[in-house]
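Only one structure is covered here, and it is reproduced in the block below.
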Amino acid sequence: MSAFVVLGAQWGDEGKGKMTDYLAEEAEVVVRFQGGNNAGHTVEVEDKQYKLHLIPSGILHDEKLNVIGNGVVVDPKALFTEIDYLEGLGVKVTPEKLIVSDRAHLIMPYHITLDKLKEKARGKNDIGTTCKGIGPCYTDKYERSGIRVCDLMHKDSFAEKLRINIEMKNGYIKLLGGEELNFDEIYNEYMAFAERLRPYVKDTSVEIYNAIQADKNVLFEGAQGMLLDIDYGTYPYVTSSNTTSCGVASGAGIGPNMVTNAVGIAKAYTTRVGKGPFPTELENETGDWIREKGHEYGVTTGRSRRCGWLDLVILKTTTRVCGLTSLVVTKIDTLAGLDKIQMCVGYELDGKVIDYFPASLEDLARCKPVYEEFEGWGEEVADARSYEELPENAKTYLRRIEEFTGTKVSIVGVGPKRNQTIRVREEL
């Protein structure tokens, strides 16, 4: 029995989509357990590029069951747009390949409207939301006023809950200067969604449990990254769900003891999108060089990513919080060509060196990175297909990551394509 989770070990955008696609070859079931279509994964297979937001990366493989779990918030319009996009690229998306939890909460038009209005109202204190309605949907979920997929399957129940929500939300929308929403328009649109969605809807918790009990390999695909976790991230510049391994059990509907391995995905450097402290950020030519060579622009928003040196304090924190059993280091190819490479091994705060990630943003903003310097590797590594083919300086860099975090590197990424992947160890 093997059930393992793939998680972002930094601020997201670490290459989880590619690695999930790669590891999906060994899995029979691939599960999304949190987030929504605010996530963005890019996967390159042969000469085709696929951009995924909501559907698990395993959809690119035939004979894999892909699951959108109860912890995910689902925008039906975005879901069907993605299905149509994939089928246009020749990828079949049928109810035999994709199922959606009947307990998942629905993103409604008023969630998106409120997301935009509230972000605008924050002014210079905006939190960098993608304005996809994710946060307001999770708010309704925990406020117990949300509408779930199972509600959509019963038109009378859906109509009643929708009417109550629209009456309440329109008052808030009006207060924020927006235009009130129309019940009939939303009801009719979602009734059309209901008929198309119905064949995909199942009790996904049962399906996942049965797969694990049948000794099938189940891969849980995390979205965003550990530092965007609602509890352990750089709050309030975070997402609205639990992005750590702790979120798998509740977001997929299984016992925590069923997940046997946790694989953390980390870039060979660090990036983040939006506001918030970033101790190793490079606001210079080197940072610009990394951004351009690594094509560091968001899949969902197109926003440029802030770039900096690899921060081992972050990776050590992720290892502790998520119980990582191994690390995957991606984009080692991006650093090829730099004469010197630095790696953060601690923070100086108030005259003391610490090796943990402070909860307070004010404290984090005052942290000065303590660096170790490494010799770069001039050779391009995009064609390397084994660990032995990597430059010695790159191996030294990887060994230091293992030493500091106490976690083995199992896979190294040397490019965006599926075959640009080096398996260092079979064990995850």
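Every residue, even glycine, has its Cβ placed from backbone N, Cα and C.
The annotation GTP binding site is assigned in Swiss-Prot to 12-18, 40-42, Arg305, 331-333, 413-415 on the grounds of sequence analysis. The feature active site, proton acceptor is assigned by Swiss-Prot to Asp13, with sequence analysis given as support. Marked as Mg(2+) binding site by Swiss-Prot: Asp13, Gly40. Residues or ranges marked as IMP binding site in Swiss-Prot (evidence: sequence analysis): Asp13, Glu14, Gly15, Lys16, Asn38, Ala39, Gly40, His41, Thr130, Arg144, Gln224, Thr239, Arg303. Taken from Swiss-Prot, the feature active site, proton donor applies to His41. The annotation substrate binding site is assigned in Swiss-Prot to Val299, Thr300, Thr301, Gly302, Arg303, Ser304, Arg305 on the grounds of sequence analysis.
All features noted in Swiss-Prot, drawn onto the structure.
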residue : record                 : DSSP (3 states)
Gly12   : GTP binding site       : coil
Asn38   : IMP binding site       : coil
Gly302  : substrate binding site : coil
Ile332  : GTP binding site       : coil
Val414  : GTP binding site       : coil
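When the recorded positions Asp13, Asn38, Gly40, Arg303 are ranked by how far their Cα is from the Cα of Val414 (GTP binding site), Asp13 comes first. For Gln224 (IMP binding site), the nearest of the recorded positions Gly12, His41, Thr301, Ser304 in terms of C-alpha separation is Gly12. The binding-site residues shown are Asn38, Gly40, Thr130, Thr301, Arg303; of these, the one with its CA atom nearest the CA of Gly15 (GTP binding site) is Gly40. If you draw a 10 Å sphere around the CB of Asn38 (IMP binding site), it holds 28 other CB atoms from the protein chains shown.
Of all residue pairs in the IMP-binding list (Asp13, Glu14, Gly15, Lys16, Asn38, Ala39, Gly40, His41, Thr130, Arg144, Gln224, Thr239, Arg303), the one with the greatest Cα separation is 34 Å apart. Secondary structure from DSSP puts Lys18 (GTP binding site) in a helix. Residue environment of Gly15 (GTP binding site) contains 22 other Cβ atoms, counted within 10 Å of its Cβ in all protein chains. Lys18 (GTP binding site) has its Cα within 10 Å of the Cα of none of the binding-site residues Asn38, Val299, Thr301, Gly302, Arg305. Of the listed binding-site residues, namely Gly40, Gly302, the sparsest Cβ surroundings within 10 Å are found at Gly302. Sequence-distant contacts of Val299 (substrate binding site), defined by Cβ-Cβ distance under 8 angstroms and a gap of at least six in the same chain, are Asp13, Gly40, His41, Thr42, Lys51, His53.
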